[in-house]
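Q: What follows is a single structure, and I will ask about it in a moment.
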Amino acid sequence: MITFMNNSDSEEEPCNERTSLMSAESPPVPSYQDGLQASAAGEAQAHRKRRTGSSRGPNNIVDGETSDSDVPVRESTLENEEEEQILKYGAKHVIMLFVPVTLCMIVVVATIKSVRFYTEKNGQLIYTPFSEDTPSVGQRLLNSVLNTIIMISVIVVMTVFLVLLYKYRCYKFIHGWLILSSLMLLFMFTYIYLGEVLKTYNVAMDYPTLFLVIWNFGAVGMICIHWKGPLQLQQAYLIMISALMALVFIKYLPEWSAWVILGAISIYDLIAVLCPKGPLRMLVETAQERNEPIFPALIYSSAMVWTVGMAKPDAAARGGSQQTWDAAEDGRENHRSPSHADSQMSETRSPLPTRPITSLEELGEEERGVKLGLGDFIFYSVLVGKAAATASGDWNTTLACFVAILIGLCLTLLLLAVFKKALPALPISITFGLIFYFSTDNLVRPFMDTLAAHQLYI
Amino acid sequence: AFFWLVSLLLSSLIWFIAVKASDPQDEPLQKGLLIFGVMFSVLLQETFRFLYYKLLRKAIEGLVALSEDGCSPISIQQMAYVAGLGFGLMSGAFSMINLLADALGPGTVGIHGDSQLYFLTSAFMTMVLIFLHTFWGILFFHGCEHRRWWEITAVVAMHLAVSGSTFCNPLYVGSLVPSYLLMAAAAAWAYLLSGGSAQNLHRFLLCK
């Protein structure tokens, strides 16, 4: 979803129809979105998913564009320039998203291929109660479909709950929930992950060192994500968290259920974001009505935003709406940490004091980044990780899924540029990924293997 | 890269169907099917290259229409290069990556009487293919741009020749040498088409 945020409401008259979806004076947070989805994962606890959409804030044509004098004359040039800038920055934004998605996938694939722990079957989550160890194919299929139904309904319930919380402004609750979940994620999962990696490479580490390392990692992570921090560190933490979540999913979701869940979730994403009564769409609209950034948490943003010359204080930029949504069943849930990219960014990167709006001259360059929900990261990584784990030892399948997902992401961003509203990021990529996974595994692999055996090249 | 992947998918689909429909015990038939599969795949790859060209053409027109001064930010030659590179990289990755993964593990090359140079020759062959794909991309797009069909057929013929030459493996001299020669020829041709000349090269080498 791309929403364009204009910081100055005096110019950009011509952009009004495009900016009608978002409020004119919004804080540096361009909204976005694709399906919002929050997920909470717990070691053996409830998982909740949240999806967030990707958003793209195209560049606000603004560099150098000055006041709104002679607007009509400049309207057409403005629009042209705007479009060109959009395209240029659009391409840049696509690249800015490729890198983190690729990094996340690389981390997941590397872990899966090297650490045995994540491919061993050690039980299932309570959200997928039906086992897949059944003798007949039909039974297995039925079980996986039932698992999917349960999982998806949990997600729907959680999403609706979140929307209600947001509507009734229970910010503190959401805030607390979020902190709890990111705490669990940052400490517990990292501890387990580190333990497994050390076991795999047979490296000894004493408890004090371990404690020190994990404490530092977790503490810095909490600060970076929930408060302020350097942008790149924050992005790195978000990527790591998404990778950890994805690894948990890969480990605890049984095979067929995982694939069916991936498919079902992209359909759900589509419905939730695009239908008028969909929870995610309502969330987006509510946030827009209130001029608040929608869930700065749980969103990965690659933006670098300099907001200059705003008469209005950056009120909305404040993380009042730091919603994160936790599936606190027994308070033992982990949630994806929110990515408070925007709020932090506005704080760390507004070097200039606000100036009265009358002397509105140039707005500095506002380079809005792209936003992609962490749920999308997680599911992309789950797909690629599952491909790496379960394809018959084949790297081709993994590579094919990877390319398919990136192309899907590209297409989604393209659609975003065309439609300029919230779009789900999952469906296209996951569809491509699934098609390529199954076809590469079954069709291409024998072909390539035979070719390689004879050393033939095509 | 995506387009190459799709072409690979379709060609392996065809091959798979053919194999399943035929007798697995019949050796020459299987070999024949394999050859057929390879040739078909080559043709399909070139078709997809053409389709990709069409897509890029439309994209360039869109970019030109949007830009202020009537020229697009990226030229068709750059696109040709990138397209060729994408094809090449994907093809190379698919050829090599399983090999590399296996190379990390234990084992002896050629213990069953196969060639000991398997890894080396695979590496060289992959490299030459990647280069070739890049050059073919440039030649192909140039041919499409200027409507010179003979260039396009030359590219297709070269591709078929290179793939065909790999049938000589493990007689490596039969496959590597012609491929490298073809690569040199394609390189020179692509260089000339992209505006280079002997003079440029001369100046470049002498760092003027």
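Placement of Cβ uses the backbone N, Cα and C atoms for every residue, glycine included.
Straight from TrEMBL, here's the annotation block:
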type: REGION; residues: A:1-79; note: region 'Disordered'
type: TRANSMEM; residues: A:94-112; note: transmembrane segment
type: TRANSMEM; residues: A:145-166; note: transmembrane segment
type: TRANSMEM; residues: A:173-195; note: transmembrane segment
type: TRANSMEM; residues: A:207-227; note: transmembrane segment
type: TRANSMEM; residues: A:234-250; note: transmembrane segment
type: TRANSMEM; residues: A:256-275; note: transmembrane segment
type: REGION; residues: A:316-360; note: region 'Disordered'
type: COMPBIAS; residues: A:340-351; note: compositional bias 'Polar residues'
type: TRANSMEM; residues: A:399-419; note: transmembrane segment
type: TRANSMEM; residues: A:425-444; note: transmembrane segment
Q: Any contact between the transmembrane segment (A:425-444) and the transmembrane segment (A:256-275), i.e. 3 or more CB pairs below 8 Å with pairs at least 6 residues apart?
A: yes
Q: Using Cβ distances below 8 Å and needing 3 or more such pairs, separated by at least 6 in sequence, tell me whether the transmembrane segment (A:173-195) contacts the transmembrane segment (A:234-250).
A: yes
Q: If we call contact 3 or more Cβ pairs under 8 Å (sequence gap 6 or more), are the transmembrane segment (A:234-250) and the transmembrane segment (A:207-227) touching?
A: yes
